[in-house]
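Participant: Got a structure for you, written out below as structure tokens; questions coming shortly.
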Amino acid sequence: MEQFNAFKSLLKKHYEKTIGFHDKYIKDINRFVFKNNVLLILLENEFARNSLNDNSEIIHLAESLYEGIKSVNFVNEQDFFFNLAKLEENSRDTLYQNSGLSKNYTFQNFVISEGNKRAYEAGVRLAETQDNEFSPLFIYGETGLGKTHLLQAIGNEKFRNFPNARVKYVVSSDFAQEVVDAFYQRDKGIEKLKKNYENLDLVLIDDTQIFGRKEKTLEILFNIFNNLVLNKKQIVLVSDKAPDELIDIDARMISRFKSGLLLKIEKHNLSSLCEILTVKLKEKDPNIQITNEARHDAAQISGNDVRALNGIATKLLFFAKTSKQNLINTENLKEILFEEFEKFHKKSFDPYLLIENVCRRFNVPMDSVLSENRKAELVRVRDVCNYLLRQKYNMQFQQIGKIFKRSHSSVLMAVKRVAKMIENDSSLRDVITSLVI
């Protein structure tokens, strides 16, 4: 109100030569709103409205008080509420456009697994409230585990729950560039940058590990971070590394990162990777169908990388569109993803994903197979795992023995048993062949 009263004083001075204009039309104005860089003022008298709206000097008076103002509109009561509703809608649109978020990342299409469940729950809690109970929230984990998806989903859910929230998603390299640009601006560019961030309700920072060796950027971030915390604002940071593993970031900044809730996202299991691939395919084209075997194979060669899964889904979409075939099976999958299969066989793979796949095929618990339980059905599945790891993936007997807590000779005997069995059992041979990707 103080700012608007100052504006009225400027109007009074501007119209001092127009006898009675201020006292009759301006003095008693008390309904106004400044939103989305527009100053909307309720004024019932049509003559006064027209006079003020036609005066090009009015906007210049307002510019001295309202930073970034684009227009001053004097309207009647009916138009006031109509324009107010429109301004609020435009304001929400502008808030989202300036947020840096993508509508593609939501909680609805985020696949929850044991590895990300706690981080997901913390994100949901933060998006549903305006308190800073878990802030700063620091989420870390290896590349390709869906951290960026979760981070942006938090922002999108915040907008869904609080349409007028001020949210900003920024990658650390982009923030560093903002700092550089601010240094070259006149009129206290750095102070404006700080103010812009400190006025936010929720700040989402991606790739925090890249901040290393950017001393000036870290200094600015430190100041912003402190003020956000002091003002009980919400902060979420995402990194490939835990705070203590970050390189070239000083201790006081590390301490700030660790001052809230610290959560790690673990690798996905095979079933979660399969579900993620299903979601990705459905998003691209709900008509594409994929067999369970093909889905498992595609998930296994993804390297536990959600981005790689998205690339696989894109290739499957391209195949479906160009070949007019909507069903993906193991045969055409190996044709479509020939390069991916080649790379998978050449590089080191995760033996536990294979073991999980075998256990699913034989319908036995993976933890039982990895235990020392000697039940016949578990021994058989354990032997099959040993055989595949040795014969198809060329793992050393000692490495296999370490996984199953068995001796070199025990693994060797298991491999020989399975080799002999598949000579006489065609159904087992077919099953083992299908398990090799």
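Numbers here mean position along the shown chain, with the first residue as 1.
Cβ from N, Cα, C; glycine included.
Values in this document were obtained by computation on a predicted structure and should not be read as measured data.
Here Swiss-Prot flags 1-72 as region 'Domain I, interacts with DnaA modulators', drawing on sequence analysis. Among the features that Swiss-Prot reports, region 'Domain II' is placed at 72-99. Look at Swiss-Prot and you will find 100-320 tagged as region 'Domain III, AAA+ region'. Sequence annotations record features per position, and here Swiss-Prot assigns ATP binding site to G144, G146, K147, T148. The region 'Domain IV, binds dsDNA' feature in Swiss-Prot is assigned to 321-437; the stated evidence is sequence analysis.
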Participant: Restricting to the region 'Domain III, AAA+ region' (100-320), report the mean pLDDT as a whole number.
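Facilitator: Mean pLDDT for the region 'Domain III, AAA+ region' (100-320): 91.
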Participant: Run through the Cβ atoms and count how many others sit within 10 Å of the one on G146 (ATP binding site).
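Facilitator: Result for G146 (ATP binding site): 26 other Cβ atoms within 10 Å.
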Participant: Any idea what DSSP makes of T148 (ATP binding site), helix, strand or coil?
Facilitator: helix
Participant: Applying a 10 Å Cβ distance cut-off over all chains shown, what neighbour count does T148 (ATP binding site) have?
Facilitator: 20
Participant: Beyond G144, G146, K147, T148, what residues of that chain have CB atoms within 8 A of the centre of the ATP site's CB atoms?
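Facilitator: The answer, listed by sequence position, is G141, T143, L145, H149, L150, V238, I265, V306, R307.
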Participant: Count the other Cβ atoms sitting within 10 Å of the Cβ of K147 (ATP binding site), across every protein chain shown.
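Facilitator: K147 (ATP binding site): 22 neighbouring Cβ atoms within 10 Å.
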Participant: What is the three-state DSSP composition of the region 'Domain I, interacts with DnaA modulators' (1-72), stated as helix, strand and coil residue counts?
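Facilitator: The region 'Domain I, interacts with DnaA modulators' (1-72) comes out at 34 helix, 11 strand, 27 coil.
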